[in-house]
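A quick write-up on the structure given underneath.
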Amino acid sequence: MAPHKSDDVDAEAELASQLAADVAAAESSAATKAKASSASSSSTPAAERQPFSILDLSEPTRKAIDAMGFKTMTEVQARCIPPLMAGKDVLGAAQTGSGKTLSFLIPAIEMLHRLKFKPRNGTGAIIISPTRELALQIFGVAKELMAHHHQTFGIIMGGANRRAEADKLQKGVNLIVATPGRLLDHLQNTKGFVFSNLKALCIDEADRILEIGFEDEMRQIVKILPNDNRQSMLFSATQTTKVQDLARISLRPGPLYINVHADLAASTVSRLEQGYVVCESDRRFLLLFTFLKKNAGKKIIVFMSSCNSVKYHSDLLNFIDVPVLDLHGKQKQQKRTNTFFEYCNAPCGTLLCTDVAARGLDIPSVDWIIQFDPPDDPRDYIHRVGRTARAGNSGKSLLFLLPTELGFLRFLKVAKVPLNEYTFPSDKVANVQGQLEKLISKNYYLHQSARDGYRSYLQAYGSYSLKRIFDIHKLDLAKVAKAYGFSVPPKVNITIGTGLKTSASSSSGSGGKRKEVDVDGEGEDADGEINPKRQQSDRRAYYRKNHQNGGSKDHFRKSGANATGNKGGKQWSR
């Protein structure tokens, strides 16, 4: 967080957790790419868009917009910025990737400039974001927009150094980007945090904030913040009952409702080619492995349902020389930040993640979205695939479904999501099941990681709300276990209902369960720590065996090199 302009240059000062200098450099580069994507993503043809020059902007803001390379506004920007600059409250709904970040930042910054806010005046504008990564991204754009302004700005979020944040809040931060939990903490406990002069409150991705369990925090935040002459703006991709309730308590009566793209025939952009593949549980990893080998030069995001599943597949794929990055809610903040910006700046590569990366993030030039584990709701599907086909680019997505999950397609159809079925010849899928089971049985570290991933997959599956489609009783546990490298299902405990436990170790399904949720809305279910010495020993032993006997890692490397998948006879990797 940064109370003085000189402090705003480095992301590590803003994070107040002494992140490495290379992360700060990555943030600047990623923010530039993100804002370009945010500004240019729109269904409105460029020739029909209105220029930023028609807005009554201050010279510092105009210089910043010119330096950022923006000439025309997207539809959401053209419809939101003028009424917001006129002081109206706005309830906005728009497709993901429509460019709404500038829609709320420009009016907030102009307000601070017009009122000549200084550090001694405290905080005049607060932007609330559901996740740390999205908060970092918004902060990066704000930093460039405020490059020629004298007002101060900063970021406060979970995982950063709270004391350093408090010190800078006490010095005065005019514009704050924040996550809900840390913001409420400072509002309640930080002495000298001046927010009595607050003039603008923006709640971004409001539906996501509420979905991941911050409803109580948001109500407390709105209650604490002054509402006299406060302008509020609330952006949400979907207008749920909870979002409407939050809008009632946070917005002034009679807000302007702006719904961009409400009349479109599809909920996703036309440049996105979408498909699904029907695959039995025991073939899922083999197909994923084949796909990643075939598309090694592409930029791919793979969504999974739990932190432990992401961790296991990352451990396994990196071990067998399929390089991937991983991002999930159990990682420490520095690791999450490093990974996020590393992937943003990479020209190609694979990111395994939970839904922590599904909402709002502008990750440049993503070629493929793979939904290895289906989402719980069509809205989540739409936000996942929204990470590709941005800024006028094309993209592709692939949804993995079990035969018992085909009913989910009906929900996607109702949500105006067009999908084609993809097929793949079984003889083109890498047959590495034997090598996988041998590796998992002999490597203690991977065995433990696989067991945690298997258990978390079952727990997450039991937490689906669409239980008629995602019915844990219909899972063949023997086949699920094979996908995690087990010849026989391991015995694991999973939580059922409101706290009872059962063991799952047979080929029949287990009862449903309620997934515990952490601050990012992801399952938290670790059994314990792995002995790092045992891990290193296993790795050394395995490498020795490979070099001496041409072990199974070489087979993994060769398998899948020529594998293809077809959609109507065409290769996936066109």
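Including glycine, each Cβ sits where the backbone N, Cα and C put it.
The region 'Disordered' feature in Swiss-Prot is assigned to 31-53 (among others).
What Swiss-Prot lists as compositional bias 'Low complexity' is 31-47.
In this view, Thr101 (ATP binding site) is surrounded by 28 other Cβ atoms within 10 Å of its Cβ, with every protein chain counted. Under the heading ATP binding site, Swiss-Prot lists Ala94, Gln95, Thr96, Gly97, Ser98, Gly99, Lys100, Thr101.
Here the motif 'DEAD box' (204-207) has Cβ contacts under 8 Å with residues 100-101, 104, 127-130, 134, 138, 234-240, 242-243, 246-247, 359-360, 379 of the same chain, all six or more residues outside its ends. Per Swiss-Prot, motif 'DEAD box' is recorded for 204-207, and the stated evidence type is sequence analysis.
According to Swiss-Prot, the feature motif 'Bipartite nuclear localization signal' maps to 283-299, an assignment based on similarity to another entry.
As annotated by Swiss-Prot, region 'Disordered' applies to 500-574 (among others).
The Cβ neighbour count for Lys100 (ATP binding site), using a 10 Å radius over every protein chain in view, is 28.
All protein chains included, Ser98 (ATP binding site) registers 26 other Cβ atoms within 10 Å of its own Cβ. Taking DSSP states H, G and I as helix and E and B as strand, the motif 'DEAD box' (204-207) has 2 helix, 0 strand, 2 coil.
In the motif 'Bipartite nuclear localization signal' (283-299), helix, strand and coil residues by DSSP number 12 helix, 1 strand, 4 coil.
Gly99 (ATP binding site): 27 other CB atoms within 10 A of its CB, across all protein chains.
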